């Protein structure tokens, strides 16, 4: 058949616009497209929640793509292998309790798992602010195009209403820090956002799961953002804690949605 460039343009514009409008009112907005939020998105979508991931960059996956220092391999502990199994990610045992997976395959299958389950992805869309209502509860997010943010252009944003937000923005804990900056006397965590501690893989991995919580009304924190929000150590290219944090975040969100 003969291709018509205008039909191609219309197809892309109309279909994306329909999806964008459909997702202006959702159950859970996952800010950041790293491994923790990809895991959470899959489990939430499978449970029937209407969820969307908002990622400022072109690609999802956070820091998982490059493995350790651009060696495309990651390490996962035995207790997190069930999450790898859920996504069909292959791995092998290196030493007892240490399992190695290909980082590129891992990211690809995490993305495929989340989207196949029904999670919608808005890449090149940046988080700019939160929406609040009574008692300063988080009720939505304010978004803009990623290049608008990176180029510091003066362009007003648009808004998304959501029952819950999951901050999966990694080391910067962007959503948490926005709340601290904009809501006087807001209490997040025991000491506020002090940033993560230096490397300690064992403790950082354990606390990544322990720190995954509804840290502020309407806001759940997951992955490396959970460590940054609770003054826990970083852990490097071992990703079991990230995967289990995403699993826990989904469970917390589903329980919370039942009460809203």
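Every residue gets a Cβ built from N, Cα and C, even glycine.
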### Query
Among 36, 40, 41, 80, which residue does Swiss-Prot annotate as binding NAD(+) together with 55, 56, 63, 154, 155, 156, 224?
36
### Query
Where's the emptiest Cβ shell within 10 Å among the binding-site residues 154, 171, 234?
154
### Task
Specify the secondary structure state of residue 55 (NAD(+) binding site) as given by DSSP, simplified to three classes.
strand
### Task
Other Cβ atoms within 10 Å is the metric here; tell me which of the binding-site residues 36, 155, 224 scores highest.
36
### CB contacts for residue 63 (NAD(+) binding site) [other CB atoms within 10 A, all chains]
19
### Message
Going by a 10 angstroms cut-off between Cβ atoms, which of the binding-site residues 55, 56, 156 has the sparsest surroundings?
### Response
156
### Query
At the level of the C-alpha atoms, what whole-angstrom distance separates residue 234 (glycine binding site) and residue 171 (Fe cation binding site)?
9
